[in-house]
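S.K.: The transmembrane segment annotation in TrEMBL covers 6-25, 32-52, 58-79, 100-117, 180-204, 312-329, 363-384, 404-427, 447-471, 491-509. Residues or ranges marked as domain 'Citrate transporter-like' in TrEMBL: 21-457. Positions annotated as region 'Disordered' by TrEMBL: 211-256.
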């Protein structure tokens, strides 16, 4: 595609620049409107500047991606209600053999959960657990927080539902779930192992001795003797797919939007799987009728028994529907409608007003994606991305090692500068077209390389992914176990880890 007229190029670049600034710095002083409004502003400017027409803007919105994202959000909400993440948290400290054993468990559980339930949701619900057991065992929080965030990013690369950019790639490439999984799974498994070894090597001594990082922890009013009880009784706050608030300057300005746009903390109260209403009404009614204490006890026991049965049925239904959804995805059924079907089934099985659950869906994230689709499509129509790719394409083909290396460097840099989702939207079609020109068999491999590198690139810096920022903010805001994960602490680990894991994983990608 050739460059558009100078006016369209300039105005389209301005609109995209506004979107980029709002995504990277959502609370920028001269326009603190946030990422969602910033993406809509960028889309609106594309139309006002006549870079694209209103009909082209509507066509740019990818409904299958939005449906898949919505469906996976709802399923994750019901899985949390069924205590899935609480059980994963308990695995972290069950029969532990020390700090190194705990760190390996964090890496494995984080990777597995992220592949199935998205990386950001995993980080939201496990960060507090990580802080609690490090405090309980007098271990430094830093290696465990790094393990949680980095393993979540690497693990999420294996499936189309692991992170937003993989959703985009799976829909645009039409690679079915099973092929996507098998294509990246070897690289993911080796990447997790290598990443774990890197953390162990960096923090080997501190994992076997009392924490030297205790000064960074806020004083906890919880006595040591209560640690085990607190650990087992911790209740997760519901997760919601939305954006993190901007970190304070000491943590580094929030760049989540520039790399991945996903869940943040929920302000809604937890909605537990159990019977509607309470026992107090039945007991009060029995009391007013002059029932004997034995009758009242019987009413209470019957109510509790019915409640336990209903809760058990609902939990089982959630797990069965989730397994069925994964089986359907592996069989190659349409991913968007499979996720929507699973979500609606869970709503029906719950057999109550779905409002409280659906309120936890991050509609702001869905709106953000709509604005981003329009803005990126408008920027593509300026011809700038195509012109840039035309310069690189002869040297960045995936049929030779040097081309894969150059392509990976470009993806890594763009993912940390312009965010990984826009990078995938800008480069995806061009990379696939280039691969198809050489060999049709290389097209799927090109898409999977894009998925692998753009995801692992999130480990490069603290601002590289939403998962990093979620862990950072959750740790900093923790009332009893607060810890400040700084930009430089993360970069010290993230730079070598990203380069090594990316390089080792690339030869293992299979199209």
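Glycine is treated like the rest: Cβ placed from N, Cα and C.
Quantities reported herein were computed from a predicted structural model and do not represent experimental measurements.
How about a rundown of where these features are and what they're close to?
M.R.: Beyond the ends of the transmembrane segment (6-25), by six or more residues, the same chain brings 31, 33-35, 37-39, 41-43, 45-46, 49-51, 253-255, 257-258, 261, 371-372, 375-376, 378-379, 381-384, 418-419, 422 to within a C-beta distance below 8 angstroms of the stretch.
Counting only same-chain residues 6+ beyond the ends of the transmembrane segment (58-79), those with a CB under 8 A from a CB of the stretch are 52, 85, 117-118, 121, 160-161, 164, 167-168, 170-172, 238-239, 241, 318, 321-322, 325, 335-343, 346-347, 350, 357-358, 360-362, 365-366, 369-370, 373-374, 376-378.
With a cut-off of 8 Å between Cβ atoms, the residues of this chain six or more beyond the transmembrane segment (100-117) that come close are 76, 79, 84-85, 88, 91-93, 123, 126, 130, 133, 137, 139, 143-144, 147-148, 151-156, 158-159, 161-163, 188, 192, 195-196, 199-200, 203-204, 207-208, 326, 467.
Beyond the transmembrane segment (180-204), the same-chain residues lying 6 or more positions past its ends with a Cβ under 8 Å from any Cβ of the stretch are 100, 103-104, 107-108, 111, 115, 140, 142-143, 146-147, 150-151, 154-155, 157-160, 166, 170, 330, 444-445, 448, 451-452, 456, 459, 493, 496-497, 500-501, 504-506, 508-511.
Cβ atoms under 8 Å from those of the transmembrane segment (312-329) belong to residues 75, 78-79, 81-84, 116, 160-161, 176-178, 273, 335, 338-339, 341-342, 345-346, 349-350 of the same chain, restricted to positions at least 6 beyond its ends.
Cβ atoms under 8 Å from those of the transmembrane segment (363-384) belong to residues 1-4, 8-9, 12-13, 15-16, 19, 35-36, 38-43, 46-47, 51-52, 56-57, 60-62, 65-66, 69-70, 164, 241-243, 257, 261-263, 421-422, 425-426 of the same chain, restricted to positions at least 6 beyond its ends.
Sequence-distant contacts of the transmembrane segment (491-509) (same chain, at least 6 residues past either end, Cβ-Cβ under 8 Å): 146, 150, 154, 183-184, 186-188, 190-191, 194-195, 198-199, 202, 404-405, 408, 412, 445, 448-449, 452-453, 456-457, 459-462, 464.
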S.K.: Any contact between the transmembrane segment (404-427) and the transmembrane segment (447-471), i.e. 3 or more CB pairs below 8 Å with pairs at least 6 residues apart?
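M.R.: Judged by the Cβ rule, the two regions touch, with the required three close pairs present.
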S.K.: When you scan the chain for residues with a C-beta under 8 Å from the transmembrane segment (32-52), skipping those not six or more beyond its ends, what do you find?
M.R.: 4, 8, 11-12, 14-16, 18-19, 21-23, 26, 60, 243, 256-257, 261, 364-365, 367-372, 374-375, 377-379, 381-382
